[in-house]
Structures are given as structure tokens and as C-alpha cells.
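In what follows, a structure is listed as C-alpha cells, so that the remarks can point back to it.
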Amino acid sequence: MRGKLLPLAGLYLVQGLPYGLQSGLLPLLLRARGFSLTRVGLAKALYAPWLLKLAWAPLVDARGSTRAWLTRSTAGLGLVCGLLAGLPPSGAGQTGLPAAVAGLLLLLLNLGAAVQDVALDALAVQLLEPAELGPGNTVQVVAYKLGAALAGGAVLALLPTLSWTRLFLLLAATYWLAAALAWAAPALRQLPRPPHSEQRPRTMHLLRDVLAVPGTLWTAGFVLTYKLGEQGASSLFPLLLLDRGVSAPELGLWNGVGAMVCSIAGSSLGGTLLAKHWELLPLLKSVLRLRLGGLACQTALLFHLDALVASLGPGTILKGAALLSLCLQHFLGGLVTTATFTGMMRCSQLAPRALQATHYSLLATLELLGKLLLGALAGALADWLGPHPCFSLLLILSALPLLNLGLAPSILL
């Protein structure tokens with residue numbers, strides 16, 4: 001199993017780089033070159049290819065092997081990074097590549113990264129045995145988070161000495177090494193090619209065929225809703241703590257570094273428990289109950305603070321409880337994520353080989369949409385309803401996945 005997990009860890013680490021680059025590092029690089037805040041904000045449009053993975057997932061299923069798609073897309077990412085290294089964008093008072101052309105290259109970078117994501121997930125579905133899904137999804141989640149933290153955090157610390165050109169040369173070299181790993185790793189080379197008759201899914205009825213896979217409708221509904229309450233609370237609660245006296249540096253430490261460490265620890269524990277033959281759905285039920293209890297404590301703490309008109313000043317017990325609750329929720333969130341991704345792969349393994357990339361991409365896209373939905377709307381809901389009704393609503397939404405588990409099909413048990 002180690003021969004499978006090590007190359008997957010390296011490839012998922014590389015897969016996390018674009019997210020960290022664009023969420024943490026790219027805005028600072030663009031601003032440093034004189035771009036307006038509006039133009040820096042418009043860089044969020046670069047995420048569009050990630051929401052359109054279903055457009056090319058059928059091509060990954062239909063033409064060639066997943067290993068070939070993975071190798072070519074990763075090498076293509078290295079090529080685009082090489083072009084970006086030699087052609088930095090022009091800014092205020094600086095010469096260089098026109099911003100529109102640089103934006104197009106960055107969009108191609110995201111397109112290649114999204115294709116790589118489809119191919120790597122499909123390869124993992126085909127490569128891992130059912131008993132290996134727990135450790136495999138731990139590697140997936142943890143390595144991706146580390147890659148994002150490396151690109152958005154560690155590289156950010158080197159920003160004073162790391163120019164645009166050096167950054168993208170470093171990324172190009174990393175992608176080319178990852179492409180060599182994808183092509184040469186013995187465990188990936190042994191992956192059998194599907195029979196020729198299976199390489200072309202029936203495109204006229206593709207969605208019908210995907211939804212006909214046993215357990216798909218339930219899994220799709222679960223991944224769309226399992227993060228609603230948690231994602232809304234995790235984006236809103238730190239802002240409410242800031243309003244009540246917690247300093248920005250403290251929140252940055254606890255909700256940044258602390259949250260990442262706790263999330264990785266939770267993901268690792270989830271994989272360990274699944275590797276020790278814990279049943280997936282009972283594990284999910286236990287963790288979702290704990291998560292619901294943690295959110296109930298956060299809601300009660302918020303009501304208590306406002307009833308006392310209390311401030312979370314230095315050294316108060318309430319502040320410590322609030323910050324620890326943040327870390328606990330991220331720990332449980334990491335555990336839930338690993339278990340859920342294991343269930344997604346288990347469901348996709350029930351699909352014919354010629355549909356597996358499309359099937360898993362559908363589930364992954366719905367999972368992303370579910371996380372983005374309430375994370376983006378939480379602030380507006382709090383302004384409209386008020387913090388207390390908003391957190392009460394989030395508490396109700398966090399109970400929905402528990403109700404869904406009671407309807408889980410037996411084939412996923």
C-alpha cells in the first residue's frame with residue numbers, strides 16, 4: 001500500500017499549490033506591481049475552470065488512460081509556469097506582459113490544474129482497493145492542505161526575496177518533477193488500461209448513466225449539504241469574535257495556523273480509524289453528532305456573551321473557550337471531510353471504469369458548491385437576520401446530514 005500512497009501524496013501536494021498561490025500569494029504579488037484593488041479582486045474569476053470540471057471529465061474517461069492525462073496536464077502546468085516566469089505582467093510604471101495576456105496564462109494554469117484534479121482523483125479511484133480508501137483519502141486531504149499552505153504561507157514568508165520570475169520557475173520545476181513521478185511511479189505504471197469497449201461513455205445519456213450508479217443520488221445530496229452549517233459558522237464566528245474584542249493577530253494564529261494543524265490532525269485520525277476497519281457510516285454519525293454539539297456550544301457562547309455585554313479581553317476564560325471551540329470545529333471538520341471523501345470514492349468505484357472520472361467529478365463539484373454556498377452567504381444572513389438567528393439556522397443545517405445518514409443505501413454501508 002505504501003507504494004501507492006507515496007506517489008499519491010506527492011501528486012496531491014502539488015495539486016494544492018494553485019489554491020494556496022491564488023488565495024494567499026497572487027493578490028500580494030499583483031498589488032506589489034501596482035494593480036488596483038478592483039483588478040486584484042477580479043483575479044477570483046480564475047477559479048472558474050474548477051467549477052466546470054464536468055465539461056472535460058468525460059474526455060478523461062473517453063480518451064486514453066488517467067495516468068497519461070495526469071502526466072500531460074501536470075507537464076502542461078510546468079510549461080505555463082515557465083511562460084509566466086519569463087513574461088511577468090506589466091503594472092503601474094512597470095514594463096512586462098500585458099495584464100490581459102498574463103490573466104489568460106493564469107486562466108490556462110487553472111484549466112490545467114482542474115484537468116489534473118479530474119485525472120488524479122480518477123486515478124485514485126481506480127488504484128485504491130476498498131480497504132485502502134481510508135488511508136488514501138487521508139493522504140488526499142492532508143497533502144492537498146499542506147500544498148495549499150506551502151504555496152500560500154511558506155512561499156509568502158519568502159516574498160521579499162522571491163520575485164515573480166523566481167516563483168514561477170520554482171513552480172515549473174515542481175510540476176515537471178511531479179509529471180515525471182506520475183509517469184514513472186511503479187504503482188501507477190501497473191494500473192491496467194480499461195478495455196477499448198469501455199473507453200467511450202455513452203455521451204447522449206451520460207448524466208443518466210452517472211446517476212444510475214447505485215448510491216449516487218444519496219451521496220450527491222449528502223456531499224451538497226454536509227458542510228452547510230460548519231462552513232457558515234467557520235467563516236462567521238471569527239468575525240464575531242473580532243467584534244467582541246479578540247485581536248486580529250490572535251485570530252490569525254488560532255484561526256489560521258491552529259485551524260490548519262487541527263484540521264490535518266482530524267483528517268489523519270479519520271484515516272487511521274477507517275484503516276482499523278471502522279465502518280464508514282457509523283463513524284460519520286458519531287463525528288457529525290460531536291460537530292453538532294460543538295456548534296451548539298459556539299451558539300450558546302455567543303448568546304452568553306451578548307447577554308452579559310461581555311468583552312473577550314486578554315486572559316478571559318470566555319476568550320480561551322471561544323478560541324478552543326474554533327480549533328475543535330476544524331479538527332472535527334477535517335475528520336468529517338476524510339470520511340466523506342472516502343464515501344465519495346467508494347460510491348465512484350461502483351461505476352463502470354468508463355464513467356469513474358465523470359462520476360467522481362460530479363460529486364466533487366457538488367461538494368465544492370455546498371462549501372461555497374453558505375460560506376459566501378453567512379455574512380449576509382448575519383446582517384439580515386442578526387447573529388443569534390443566523391447561528392440558530394446554522395445549527396439546524398448542521399443537523400441535516402445526520403438525518404440524511406438514516407436514509408443511506410445499504411450498498412454504501
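Any Cβ shown, glycine's included, is placed from N, Cα and C.
Checked against TrEMBL, the range among 36-56, 141-161 recorded as transmembrane segment is 141-161. Among the ranges 115-137, 207-229, 253-275, the one that TrEMBL lists as transmembrane segment is 253-275. Long-range contacts of the transmembrane segment (167-185) within the same chain, counting only residues at least 6 positions beyond its ends with a Cβ under 8 Å from a Cβ of the stretch, are 3, 7, 10-11, 14, 17, 21, 25, 29, 67, 70-72, 74-75, 77-79, 81-82, 84-85, 155.
Looking at which of 253-275, 287-305, 391-412 has the most CB pairs under 8 Å to the transmembrane segment (317-341), the answer is the stretch 253-275. Beyond the transmembrane segment (287-305), the same-chain residues lying 6 or more positions past its ends with a Cβ under 8 Å from any Cβ of the stretch are 226, 229-230, 233, 237, 240, 244, 270, 312, 318, 321-322, 325, 328-329, 332-333, 335-336, 339, 387-388, 391-392, 394-395, 398-399, 401-402, 405.
Counting residues 6+ beyond its ends, the transmembrane segment (362-385) has Cβ neighbours under 8 Å at 50-51, 53-54, 57, 117, 121, 210, 216, 219-220, 223-229, 231-236, 239-240, 340, 344, 347-348, 393-394, 397 in the same chain.
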